[in-house]
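According to Swiss-Prot, the features are:
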- 4-278: domain 'tr-type G' (DOMAIN)
- 13-20, 77-81, 131-134: GTP binding site (BINDING)
């Protein structure tokens, strides 16, 4: 198939906006699925994990392929829960377009904003879908306004919903100025008719706005439009596509996926408005020396964006950016400098595999036989090595202790955890001070799924400690240190001297700078100093928590021609950091969460009072229909078990969502309690 007829898209949204239901309908309406499943019945294709079907949520991104109007569409359905945001991150990294789904009542929600920023970061063209138009209180134009105000985007109204009394029955397509009305009993069937009188004025108003926006993209059409020329539907669709690809605006559609209304128009929009691999900007290499454009005739280049372990071994999901690949070929993993032999190639349909002998630029497939490849690694032709930008995983904010109930399972537990962590870059595996196994993740649900998988997928009974906050440490003042490492016990010794300055910086990262002039320290030893600092920063001086938010500057030093080594300078850097941190007024940092609560108005006071008792701060209050939306920030340490307390306060009528915001200094009294407890 020609690249022009290929679409690689993702379905992204806040949890419960209807992503998976929409994906199920897309599969059904394209003929890829004969019998539709439902999320609430645990029978959908893309939610195939046991944990997904039990909980009715998407946990892992799933890839499926469908055909529509002679086009092939690779679809990745992503999770909406913040704990699994790494799945959205790595999916957007390899996609050419996205359908962003919004609930017609809730509108733009916290995870909608997080996903939107990720799509901005990767420059992914988007179309928006206001879903669940059958809900009581559905307000399409209010959601359009929220897209403009909360996301800073330029929404382009392409559809208008049509209601009979309060029942959603169809939509007006402003490009063709026709009304599509669905059969009440069969979403496959709809009629296209003239716009009814009660909608003609509104349709004319929004059609004029649509034309006014689009003609700005074409000088010739603009001149004709000013002279009264009528714009044709094909011209409008071409200009919408042009604006979507350039990021000038986002078309907004409407539908009710669950009621099977509007699904065909979503598929049409994917084909008409979202770009092919050839229409998006090529992928830049890490060194900036190359732009990898979609070209089947070039040297092979691909990015591994996901690794999944199933009963048959590891599946490595890749996006091919350039060239072609056949099963049995040998490729180079440039991140680790290892060659890989491709065993089999599969086109994935959720958990079902279709074998392929050959793939090319634009394809998203799974490879079997990878032994050294992890998420974010580049695979390429050995004769044309390059490195693509890796996928950055967020830092975990919560830890749990996991131990096997039987000592005989200790080794199996380690192997299982390494397999799970290998699949999910937002998980971390470490050993605590007492030798216990620590698993760090993005939230309570994230870690619950890990425990559930250990017991269900690996048949290992475990005991689990209470979730703990992933604290950090930082410095608040500058400190200078002159450290000499000298070791002499007969034979070759060890010697290294470093003079360093450590200073606080914004954020929680670590920066290193060498100001060495001349040959005070040979160039080959300077990376060892940085490595020593970074190793030491894994365990701060207050409570052994990771340390960040500082810059290390190597000012001067000395070496010995016979006794100096990389090891000696690494030790010197490590010990210099420890001394400096003790002098630089270290402080404990805690993760602060962005919290959104949707509550009936008569419970607003209770919710705000409870948040204040949890050391929270209220950012704003907004009206949403008959409810009130409270936006706040609160320390994660105070939010464990919050959902139960909220249900009690509001008789089960309120809901909330929580996303990581930033790290902030822990109040001294709280910090003392945390450190003394440790």
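Backbone N, Cα and C atoms are what each Cβ position is placed from, and that goes for glycine too.
Note that this is a predicted model, so its numbers are computed, not measured.
Along the domain 'tr-type G' (4-278), the predicted structure has mean pLDDT 88. Other Cβ atoms within 10 Å of the Cβ of residue 13 (GTP binding site) number 28 in total over all chains.
Classification of residue 19 (GTP binding site) by DSSP places it within a helix.
Ranking the binding-site residues 16, 19, 78, 133 by how many Cβ atoms sit within 10 Å of each one's Cβ puts 133 at the top.
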